[in-house]
Amino acid sequence: SRRHKLYREELNLTSPAAPLPLRPEASWLQFHLGISRDGLYPRSSPAVARLLRDMQEFPTISADYSQDEKALLGACDCSQIVKPSGVHLKLVLRFQDFGKAMFKPMRQKREEETPEDFFYFVDFQRHNAEIAAFHLDRILDFRRVPPTVGRLINVTKEILEVTKNEVLQSVFFVSPASNVCFFAKCPYMCKTEYAVCGNPHLLEGSLSAFLPSLNLAPRLSIPNPWIRSYSFEGKEEWEVNPLYCNTVREIYPYSNSNRLLNIVDMAIFDFLIGNMDRHHYEMFTKFGDDGFLLHLDNARGFGRHSHDEISILAPLSQCCVIKRTTLLRLRLLAEPEYRLSDVMRESLLQDPLAPVLTEPHLLALDRRLQLILDAVGKCIHTFGEATVVANDTVQPQSPAAHRAKLDT
């Protein structure tokens, strides 16, 4: 703490008073400007490549708790918080050009599997799962996961010495092994045994680019119709009623939009990564009911390569619908020359923390992909391809176009 006090005094003497100008070519700004109703970024976006590089290389200029942790401490307006978790330490790191990213530190080694007795809502969150989820989402051509990259962070220089949050400063300590550690200051897991530690200062983590602020790009947070029970006993209706989708289809907006097809996309994505923790989803209000769903918070994926949780596929198996473009991409990734595991392996080699996934996790993707195609095949056999496969290549008309037809 004495060293940090001296550092702050020196910083106050040398820091410029004038605000920094916003550069139009800044990668964060270009990423935000590239968001459209088709996804968070265009295919082969040069802005995303620069953003990943900047998150990896730019020095941090400040660090703070996320809004989730502040909500738990009563330090912010909780009305904008989806679900304050606090059980997984995460920090907001800021960079030059007004860049901002969510930092999730390494808590679990790559070769460790989630124990069989763990419930999904108490599972560890994994930094490498966030990185791998971004690459998989891009390979599937969903483009609904914010750009994410791995980075070795110096927790002393890049967090402790740049934070102005006294609570965050207070949770740093030096372990008996002379490693610099810190832990979450919140109602859960707030003990030193839950700390994350550098070696002695360097710590692996994922950095996920922030989306535009809610003031600039409002978003809705909506409960997932296939939400799981977050208790040790009891089941949701979809878990016991095989005809549950008939009920969902009668509810707006699942009754007259692409929302249900987007839910199926999300279920396919979650099944591939093994994520059972999709209790809510978010979407930009600007794009209306047919807008894409954001695939956020994927750190509970890639926990068990030896188990395929078929229940995650319930939206697909119960509703028996899928987008044609999604099905074509899945079939392509099942071909030997474009095998999903091979494409993922090659893509993940671009990350600074490669190898991001162990080989068993990569091979599990091929196995799960085949299970998805088997489920689609069973639906087609039962109901016919015309009923199951939805042609999503035709863009829906805008509300203004519908009104024009009504006026005439």
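Every residue, even glycine, has its Cβ placed from backbone N, Cα and C.
Database features, via TrEMBL:
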ACT_SITE  ASP277  active site
BINDING   LYS104, SER208, ALA209, PHE210, LEU211, GLU282, ASP297  ATP binding site
BINDING   ASP297  Mn(2+) binding site
DOMAIN    172-388  domain 'FAM20 C-terminal'
Report task. Give me the mean pLDDT over the domain 'FAM20 C-terminal' (172-388), rounded to a whole number. Result -> 92
Requested in this report: Out of ASP277, GLU282, ASP297, give me whichever of these recorded positions has the highest number of other Cβ atoms within 10 Å.
Outcome: ASP297
Report summary line: Cβ atoms other than its own within 10 Å of the Cβ of LEU211 (ATP binding site), all chains, total 19
Report summary line: Within 10 A of the CB of ALA209 (ATP binding site), the number of other CB atoms across every chain shown is 24
Report task. Just report the maximum Cα pair distance in Å for the recorded ATP binders LYS104, SER208, ALA209, PHE210, LEU211, GLU282, ASP297, no decimals. Result -> 20
Report summary line: For PHE210 (ATP binding site), the nonlocal same-chain Cβ neighbours (under 8 Å, six or more residues apart) come out as TRP28, VAL92, LYS100, ALA101, MET102, PRO146
Report summary line: the residue listed as 'active site' sits from LYS104 (ATP binding site) (Cα to Cα, rounded, in Å) at a distance of 17
Report task. Could you tally the C-beta atoms, other than its own, that fall within 10 angstroms of the C-beta of SER208 (ATP binding site)? Result -> 25
Query raised in the report: Given the binding-site residues SER208, ALA209, LEU211, which one's Cα is the least distant from that of the residue listed as 'active site'?
Result: SER208
